[in-house]
Structure formats: structure tokens, C-alpha cells
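Peer 1: First, the structure itself, so that you have it in front of you.
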Amino acid sequence: QCTDGYEWDPVRQRCKDIDECEIVPDACKGGMKCVNHYGGYLCLPRTAQIIVNEREEAAAESTSGRNNVIRRTPADPQRAPPNPTHQIQCAAGYEQSDHNVCQDIDECATGTHNCRADQMCVNLRGSFSCQCPPGYQKRGDQCVDIDECTLPPYCHHRCVNTPGSYYCQCNAGFQLASNNHTCVDINECDANNPCAQQCYNILGSFICQCNPGFELSSDRINCEDTDECRTSSYICQYQCVNEPGKFSCVCPEGYQVVGGRTCQDINECETTNECREDEICWNYHGGFRCYPRNPCQEPYVLTSENRCVCPVSNAICRELPYSVVYKYMSIRSDRTVPSDIFQIQATTIYPNTINTFRIKSGNENGEFYLRQTSAVSAMLVLVKSLSGPREHIVDLEMLTVNSLNYRTSSVLRLTIIVGPYAF
């Protein structure tokens, strides 16, 4: 079987071309002439001259008047042309070769083209073409740049046109993918981690965060220590100490930190103190003091703990209070006023007697007021704020009289220790 346009030649035992111009009636219409071609035929204007290289061994140079076709056999180096003295005429763009055949003129190689310096010469059979380099297009006889940014495929973000080409650019935080068109997010946290502490990648950018106790600086990258001590004056009860990323509260001597921020008095009398055997330890807010176990002074004698009695057998005692009881108490500095701080009460109640109370000494500046609350008791009231550290000794006297002109008195010597702080 032969392909379309060929038929079997039983003599040569091979397929040969079918001359459709001979067997197809009126193959070309409109005044066109039919030119047979390998495997088919062409319809061309009657004025056209076609040069066809025949590859049939028996073909010879001939001119067909019907088709105005010059058919020639390619030069055979083993065989001289049939008529070497006959000069053939070649069409425009061809020239006679040494073998007396027409061959194409390469105008691009010979320099006989008229292409501009910015154009490329492309040789054609019988002619040449002036073409623009890639990225340019012909406009008239000039090559102008093609703006690829107006043509698909479009850049994902930005397109930059260049002479003869273009390239894509991505917004900040993105980079070009392998296709040079698409933009993909840059994970700055994995690439170079610009943050001083914590880095979180987001689409097209990143955000920095700081560890607890730090805050972002103005550059939004570095972290600065947060001075918690400056945010509030009440963050610590006594003193705030700022540290990198945190803070701590400290307390003055005699106190310990409780709950991280509060100061609590240390009871040195229960832990360690320097009191002697003949002294008692009294703890107050922020410290302690040592007082004699026997506070009695002549002519008083110790009858029980902290109680001194002046014997009636001693004549000196007749003008002195019968008993002196020593008591100790501590209050915080700058305590709010007025404030009830101590209650005095008769320990022995006699019938048909009247008790009166007064501040005998220690109230020269009027810090205290004694308010009688019943027939046998009174309340010491602080009426002026006291600042420590300071010690006040106040004598509270109870006078007892009856209808028989019996008169006696007792003194409670109250030592008030004002701590150095309001806690």
C-alpha cells in the first residue's frame, strides 16, 4: 500500500507520485494553474514560476509550457550535466552553481540583506526575512519592545518590564517561586529569626513578642525590661526591686516577705534574741526589746509577774500608789486616729467604792485620751498619730475612794513601742 498521493509502480516495484494535474479534471479553479507536487498538487497564479527538484532518475531539465514549471534533477557529482554549455536562468534569490543548477542565495551570510542593526536576518529559500529579537515586535520597519507586563501569564505581585524581557517582583515578606511568577511567603522566623525573643510568622511578615516581664521596644523587634516597680507604688508593701524580666519585693530589717509582696514582722523573741536571763523579750513591729524581769524600784517589791507593791509598813509608801503594774504593747507607725488602743480595768472590786481614771504622766503632747467606760474600767484612746520608731511610757492611774474617806491608787505603767513602719 502507498500513502495518499502515491500509487504502486509494478515495474519499479515502488510507490510513485500521482500527477493529479493530469488525472483530476479542472483541479484548480479561478484561473489558477495546477502544479503537481510530491503527494499532492498546488494551485498557483499562472504567472508564477516554480522550480522543483525532481528526484526521479529519469527526469531531465525540461520546461512545461502548461504549468510554466522548471523541473531539474539535483547535481550528481558522478555524472556531468547533460548540457554543460547551456547556461540556465535562475529566479530572483537563486544563483547558478558550479554544477549549472540554481541554488539559493544566503543573503544573511553574504550581507546583501537590508535588515536594520537591531534586527536579525533569517535566510529563506529564494529570499530572506528581517525579524526582531525575542522580546521585540515589528512596528513598520522598526523593532519595538513588547511590554510583557500587559500579557499573560501575569506576575503574582508586580511586573517590571525591561528592554526585550521582563521580570516579576514580590512584595516585602514574599519571594519568587520556582516558576518566577508566583510569590510565596517568607518564613522570617525560620530564615533568620530577627526577633530578640519570640517570633511568629504571618502572611507576608512576622511579629515579635516578648517573654513575661519584657515589652517590645520602639523598633518592634528588641525587648526591653518592664520596670514593674514604676508601674505602681503599691506593688510591694515596702520596696520593689526591678530585675531583668521580673521584680522582687524586699522588706526592712525585722520583717520577712510573705506572699511575694507583703511584709510580716519577725518575732525575734521566738527565734533568736540577745536578752539576758534576768530580762524578758518583748517583740514589737520591726524589732524587739529586752526589759528587766523585776521592774520594781525602791520601795516597791515584786509580788507577781510585772506587779510591784509598796508595803504599807513602809512610811514612804503612804504617799505613793499602792501598786504599779508594768505592761507593754506595740503599735504600727502612723496609725489612724482616733483609735482605742488599751483597756485598763480594776482587778479587785470593793463595795461602796468609787473608781476614777486618769493619765498621770506621759501625755505631755496630748497624744492620748482616757475614756472611762464603766465603774471599773477605762479605754486609752490614741488621738494623735505617732511615727516610729519611738517609745512612749504612759502612767494610767486608778483612784479608789469610799464613804469612809478611804483612799488608794494603783498605777498601770504602759510602755507603748511605735514601730518604724505602718505595717
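Cβ atoms here come from the backbone N, Cα and C positions, even for glycine.
Taken from TrEMBL, the feature region 'Disordered' covers 58-86. Feature annotation from TrEMBL assigns domain 'EGF-like' to 104-144, 145-184, 185-224, 225-264. Summarising the annotation, TrEMBL assigns disulfide bond to Cys149-Cys159, Cys189-Cys199.
Walk me through where these features lie, including what they touch and how far apart they are.
Peer 2: For the domain 'EGF-like' (104-144), the predicted model reports an average pLDDT of 93.
Below 8 angstroms of C-beta separation, residues 133-137, 203-206 of the same chain, each at least six residues beyond the ends of the domain 'EGF-like' (145-184), sit close to that stretch.
In sequence order, Cys155, Cys159, Val160, Asn161, Tyr166 are the residues of the chain that are 6 or more apart from Cys149 (disulfide bond) and have a CB within less than 8 Å of its CB.
With DSSP states grouped into helix (H, G, I), strand (E, B) and coil, the domain 'EGF-like' (185-224) comes out at 4 helix, 16 strand, 20 coil.
Counted within 10 Å of its Cβ, the other Cβ atoms near Cys199 (disulfide bond) come to 18, all protein chains included.
Distant neighbours of the domain 'EGF-like' (225-264): 211-215, 285-287, 420-421, 423; these residues of the same chain sit at least 6 beyond its ends, with a Cβ under 8 Å from one of its Cβ atoms.
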Peer 1: Which residues of the same chain, at least 6 positions away in sequence, have a Cβ lying under 8 Å from the Cβ of Cys189 (disulfide bond)?
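Peer 2: Sequence-distant Cβ neighbours: Cys195, Cys199, Tyr200, Asn201, Phe206.
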Peer 1: Around Cys159 (disulfide bond), how many other C-beta atoms are within 10 angstroms of its C-beta?
Peer 2: 17
